[in-house]
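I have placed the structure first, in the form of structure tokens, so that the comments after it can refer back to it.
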């Protein structure tokens, strides 16, 4: 078996791996091998390229690892879905395309952890801007010439978007024109990773398209990383599988693990890096007993609050097969129409209590009543709010089941394990009902479909959450940055106690961010790419940003309709 040599080997061509591959190969003297277990991002496949088709990749296994959790003890012992992207682009190939960076205080909070002082919001903002091309042009908060195409919401797409935002404001919450700008808190339009031609802006399209022709980058698809190879405590390469064939690759400088919050700890554990007791159970030779690998797993849990729509303005007709050819043809020929949007064009972030320092609840508004994965569509005109808490105190874990790289690991998010989780979800349902009963929605709002108007008491709300809440597909934090006993990597993604090995993806977040994770993951990779290259970090951007400082979470005096008593 021959062993080829590269300066860097990247395991995983997802939101982070494609950034690293592109930035590292800007130096023509550096060679990079990019390994991806999935296939290409076929540009002719509408399932991944059409924004409106976002549910399709989650329904099969061509583009989705289709993980399932162990029975979740606080969720009626349900085995819950944990979809992760497979193919060039990783989860940016199958996600909802919502471009949300997180709250400024997420990063300021990270920076209070020992050793993470350079992860403040103002340190991270230059890398958000570097990655982005926003369709309305750059400003103090946004970039204009980055690899990721970001499309802003346009007025008049669907009257339900504006009505739902107006309802949030009428309920006493702020209005914000930019969820990624000065103030995340409030309701407003939502940016999306969609190209000007109406195509999904995955990192394969944005980053790899500019790098894949470089002679110093080799991309190998259908290549499943089996183990990281070590020479003592130094990572020296990777052994991987292509079908039934095994190949080895040697890394002169570093191995970069970018396989995501599920597969990165799985690969480390399979390679002998992780909790020693777990490795001994599978007779894996221990390279380093690192207890935090696979621990601290976090996610966002969400539920769908659904209503009948009294006027025929929802997307319900677009779900019918006889209307879809016309929608698809317009999208294919012109890049316009219903097919060119993910239809998450409005949303918001709120605090449910005045003492919450920054938003603890996120909303995605959708002008149809359907599950995120395309299942359980309501057979009528409807609309819904996806709502969930942002910083659950519950923690889970990813644990290896088998030395076989094709075997899925044991995953337990441990959703809703803490009392605060239940309080926040009850608050979220009641806040959503207050928003939905505002005058802006009077002409559209019919009966409440889910959870249903009769679901009112704490016990009834808890039963609904336990039986119906689903993942928002934001696993993270399972190889966290930091310097405490459970930290896995340092502030530059270098694995503690080893040489030549980094983890760079959403797994290294110490605490999950407020919102969707694609944009923060790209930022993390951009920031660490400069560290790997030995470059000076981009200068901090000195801009103001909103801090609540104990301000009222909701201005009840300005609310048009007061909450109902129950």
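Including glycine, each Cβ sits where the backbone N, Cα and C put it.
Database features, via Swiss-Prot:
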ACT_SITE  474  active site, proton acceptor
BINDING   7-36  FAD binding site
REGION    180-203  region 'Disordered'
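Features as recorded by Swiss-Prot, highlighted on the structure.
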residue : record                       : Cβ neighbours (10 Å)
7       : FAD binding site             : 17
11      : FAD binding site             : 26
15      : FAD binding site             : 32
19      : FAD binding site             : 32
23      : FAD binding site             : 23
27      : FAD binding site             : 12
31      : FAD binding site             : 22
35      : FAD binding site             : 25
474     : active site, proton acceptor : 24
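In the three-state DSSP scheme, residue 7 (FAD binding site) is classed as strand. Taking CA atoms as the reference points, residue 7 (FAD binding site) and residue 474 (active site, proton acceptor) are 31 Å apart. A separation of roughly 23 Å, to the nearest angstrom, links the Cα atoms of the residue listed as 'active site, proton acceptor' and residue 35 (FAD binding site).
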